[in-house]
Amino acid sequence: MNPLERYAPLVDDEEAFFAACERPLPSVVRVNTIKTTPERAREALDEEDVGYEPAGWHDEILKLDGRSPGTTWPYFHGWLHGQEEVSALPALAVDPQPGEFVWDACAAPGSKTTQLAAQMDDTGLLVGNDNNLGRLSALRHNAERLGVTNLAVTNQDARNFSLKPFGSDQFGGYRYDGSDSDGDDEPDEAAREAFDRALVDAPCSCEGTVRKNPDVLDQWTLDHVHSVAGIQKGVLRRAIQATKPGGTVVYSTCTFAPEENEAILTHALEEEDCRMVEFDSPLDTVSGVTEWEGEEYHPDVTKAHRVYPHHNDTGGFFCAKLEVTA
Amino acid sequence: MSGEHDGDETGDTPSNSGQQFDRLPATADEREVPGRATREEVVGWWEERFGISPETFDEFTFWEKGKGKIWAFGGDTVDPIRIEGLGMAFLRTRQEHWKPTTNAVQRFGRDATKNVVELSGEAATRFAAGEDQEVEWDGDWGYLLVAHELVGEREPMGVGLYLHGELRSTVPKGRQESLPVLD
């Protein structure tokens, strides 16, 4: 069975939904403002006669005519990064500010991480974590090509991520090794205790990427949905715990499955000190769902955004914004 | 400032570790790990070699992880720090001729005033593809900043090693691209 069929009851226009899922995705790039401006990036593409169309909702996002961005000069210089249009959404929801301490819990290969770095003007401290050491090299390669210098790369299981490497153990009067570089009992100036913001772009069953990778449908199983949901709950809970009160946590996936989206939010809302907050999406979206196959979800999950491929000619996506309350 | 005193791995002398990032000492007076470059030397090297002003790096901290590998981090954090990456791999020290990375030159090299080879047309395309080529150059030998013009401004491409009339491209394999020849 085509797993996409289970979502037919959720979409407004089944025919358009299935038709969009069959079409390949346009080639889209994000302009890297750490190294250039949208104007200069467009001029560089013009010099090479590469056709493009601005995404309309954001001047840093360009849809290319056919050609792979890798074979252009602005790509070589790290002015451009190939990134699916819809995947620019979560970093916009995180909205990190220059100088902040920000966590990207599942960062590799780094499209969203490098977008966060650019939003922070490449200042502060951005922690890009991934539990897969092999994927970390892709993250580092992409970040360095784009000229990112505010990134710390870690290789931990995000579900029990420790802030100790960043000096969190120096707070609260407890010092684990009795040492202190400047000889007093205060935390070092550069030590950090909790994040200002976090992004959980969770591993998922990825049906939303079907236009890029049709194989995802053959590999899809309900068992996988349930097992990955356990990981998603763990990572989101840890992100809420590791973020300071008043801070922002964004949860996103590229799946349509409510078991991996609204159900995860409901779990976090019940177990952790947080609340859902509304945010504006520049893309056309619909609200999160409160019922699915006999399950009921927290009423506030309607503040989350569902993105279907036929609404904006993109991949499928889910994005929710939470505020940490204590 | 080269690495003739490379790490004494025995006894009480502190040594470099491949497992953690250690902040560079500000000056030679504060150096504890033998052979470790200082912040002053690193910033001074960019000024001496490429004419890049030390203020460019005011907001950056510099760290060593792995022998001689210097990282530039655009902020500050605790020292030492045991993580996988911190900022950008920036400069290779502890060898006779220090070598900047392609990514560092692309990020910080726009304001270079010396030891810059400008290539155009086919020569720029060949450099980006990782090819060695003969060039006209009567300046210093060694590691040079290689740039070309892109939309009306000089843009650094990477690092070339100039020896005996030949410019060797050091653009790493993963960064090499087959690019069109610009007019």
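From the backbone N, Cα and C atoms, a Cβ is placed for every residue, glycine too.
Among the candidates A:ASP49, A:ASP59, A:ASP65, A:ASP201, the residue that TrEMBL names alongside A:CYS106, A:ALA107, A:ALA108, A:PRO109, A:GLY110, A:SER111, A:LYS112, A:ASP130, A:ASP157 for the S-adenosyl-L-methionine site is A:ASP201. Per-site Cβ counts within 10 Å over the recorded positions A:CYS106, A:ALA108, A:GLY110, A:LYS112, A:CYS254 peak at A:GLY110. Taken residue by residue with DSSP, A:LYS112 (S-adenosyl-L-methionine binding site) is part of a helix. For the binding site of S-adenosyl-L-methionine, formed by A:CYS106, A:ALA107, A:ALA108, A:PRO109, A:GLY110, A:SER111, A:LYS112, A:ASP130, A:ASP157, A:ASP201 according to the record, the largest Cα to Cα distance is 20 Å, rounded to a whole number. A:ASP157 (S-adenosyl-L-methionine binding site) sits 21 Å from A:CYS254 (active site, nucleophile), taking the Cα positions as reference. Neighbours of A:ASP157 (S-adenosyl-L-methionine binding site), defined as other CB atoms within 10 A of its CB across all chains, total 13.
According to DSSP, A:CYS254 (active site, nucleophile) sits in a coil region rather than a helix or strand.
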